[in-house]
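Below is one structure; the comments refer to it alone.
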Amino acid sequence: MKVLYDDDVNTNVLENKTIAVIGYGSQGRGQSLNMHDSGLNVIVGLREGGKSWKKAQEDGLTVKTIEDASKEADIIHILIPDEIQKTVYENQIQQYVEPGNTISFSHGYNIHFNRIRVPEDVNVTMIAPKAPGSKVRQTYQEGFGTPGLIAIEQDATGDAYDIAIEMAKAVGLTRAGVIETTYREETETDLFGEQAVLCGGLTGLIQAGFETLVEAGYKPEMAYFETCHEMKLIVDLIYEKGFGNMWHDVSNTAEFGGLTRRDRVITEESKENMKKILREIQDGTFATEFAVDADTSYPKLLTQRRLEGEKQIEKVGKNLRIACGLQKEE
């Protein structure tokens, strides 16, 4: 695996290009400001008059409607939520895309699942920071950066790679290291990580552990500390130096118990279910399910969101964080 750094970027193809960043959420703001501060010609495309419009102007950026920004740009970097990208692209962007332009994303979802179809005479690239937009901005301002990915789905002009790696450098990604991937690999692994581990598996594991202790008669506050609050301590150890570092830093009791009991929690059946989740991502089942929910005003998502908010662990956690000074009382 080759990791690309600042010294590996030796081209200057963006010098006379205009980059329109569509959206000014977490990634939109972080990437726009970093590219602007790196000397690139950046404009932001937004809905006129919204909160983001004013914020981008206050940040010193040139702001235009999505249509006007797309019309003016050589590179259109789409950073609005996945579920609205297709509609915005079809209604406000695609009529202004010209041969030789570049359409760029930070997640491959809509290209990989063919929800957005770009003409063959247009580049399709990706620059994907592996951090939230606020962290992308913070580390850039500190003189460093965050790791990231680049991918080329369509190279119509012969210099799509140079465009992507230069954008990655301007965002600050090559300061930390960039890996080249594909739209398929980025999309499928990203969705799997979210569903089976980071957002789905981990939260399910924490909640099941909490409920097990409470149902056995232990105080909910103790259950929260032991199954949720301390999770950050363990994750930080793994993040910094890997699993070996974590095992080294915990007690022998914790290490022995963890290594001899974990296979009874995450079983072969768990792994088979992970494989099923991956297949549903690969064959488009998940993308279809999400699109149907989005197109009908999110009945499934809103129900799940409400149920999550009603869980005991949420109420206990909030009260503890406020009591310990970790969260301000609303």
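Note that Cβ sites are derived from N, Cα and C of the backbone, with glycine treated the same way.
Going through Gly100, Gly108, Gly133 against Swiss-Prot, the one listed in the NADP(+) site together with Tyr24, Gly25, Ser26, Gln27, Arg47, Ser52, Asp82, Glu83, Ile84, Gln85 turns out to be Gly133. Cα-Cα distance from Glu226 (Mg(2+) 2 binding site) to Ser251 (substrate binding site): 15 Å (rounded to the nearest whole number).
For the recorded positions Arg47, His107, counting C-beta atoms within 10 A of each C-beta gives the highest total at His107. In sequence order, Ser32, Val44, Leu46, Ser52, Trp53, Lys55, Ala56 constitute the residues six or more apart from Tyr24 (NADP(+) binding site) in its chain with CB-CB distances below 8 Å.
According to DSSP, Ile84 (NADP(+) binding site) sits within a helical segment. With respect to their backbone Cα atoms, His107 (active site) and Arg47 (NADP(+) binding site) stand 21 Å from each other. Looking only at other Cβ atoms within 10 Å, the busiest spot among the binding-site residues Asp190, Glu226 turns out to be Asp190. Counting only the Cα atoms, the space from Ser251 (substrate binding site) to Glu230 (Mg(2+) 2 binding site) is about 14 angstrom.
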